[in-house]
Amino acid sequence: MSADSDSRDPGGRRDGSPVDPAAGPDEAAAEAALRPQRLADFGGQPRVADQLGLVLSAARGREHVPDHVLLSGPPGLGKTTLAMIIANELGVALRISSGPAIQHAGDLAAILSGLGEGEVFFLDEIHRMSRAAEEMLYLAMEDFRVDVVVGKGPGATAIPLEIPRFTLVGATTRAGLLPGPLRDRFGFTAQLDFYDADALREIVSRSAQRLGVALAPDAAAEIAGRSRGTPRIANRLLRRVRDYAQVKADGAVTLELARAALALYEVDERGLDRLDRGVLEAMCRRFAGGPVGLSTLAIAVGEEPETVEEVAEPFLVREGLMMRTPRGRVATPAGWAHLGLLPPNNRSDPSLFDAD
């Protein structure tokens, strides 16, 4: 799925965990083999697929390039895949770059001037682009031209350069960091949501067919249920389970075998990995469920505060296993239950309305 790689983004991980939503450096080929190629095959986001299909069909009918597209959402939900699908649906080439790779206006000018008429330009991590390149992009998106500055100082001259009409597909995991003038230049914006269990099960089953893996339906559901609502994680877990089945059995994946493989990789039934469980266990076992401060919690699990806050907390909060309150982090009753523990009887839980 999408190739978001900003390790500091919420939900990003830096420890090589099998439930890391960010793409690993060696996963490009594996992901490419499993990507859907057409909008009709892009499951799990029906609202976005329907809206985008309408935009593309209308543009083809008018023989115009489609409006620029902004895709936002956590890593691994399909932003890069959608950019590739857009190019496939239009029958044009796709050019790919990322915000961190464009640090100077000249870098962007070189890419834009090399585009063919009607091509799709996918700009990943668009929120990390430099200000100078960002200002050049404004003009390119609206007027399909760039101003190339020749010379320096008072004698510098801006020479307008016409560029082919193109469709920009921007992707970001931090839409709030995009300046308003840039957001306003996108004709279509879509927020990708986490996938439900049924959609992930279908993705896992389809990927198993492409990989030639005999996968039992209940094993597909088991993998989907531990994938944290993220297709990239689902496909990664499937590959790890496939490897386990190949080495430990005859290659066919049963429910029991899938559970054994996922246990080996320390991914539990709700998708928590070692770090997630370490944070939850520290709150419950060492601090009686909290409240406990971020720095203290980080010391208890041997991690940097940023790692706990940006890596473990988003999923634990989303799953309802912990809360962030003005007084500190607190384990919820569901968090205690997940560990098979009982909360102290004399503890009064803070109101959900106190959470920040």
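The chain as shown is numbered from 1 upward.
Every residue gets a Cβ built from N, Cα and C, even glycine.
Site annotation (TrEMBL): ATP is bound by LEU34, ARG35, GLY76, LYS79, THR80, THR81, GLU142, ASP143, PHE144, ARG185, TYR195, and the candidate from ARG228, ARG232, ARG236 recorded at this site is ARG232.
The Cβ neighbour count for PHE144 (ATP binding site), using a 10 Å radius over every protein chain in view, is 15.
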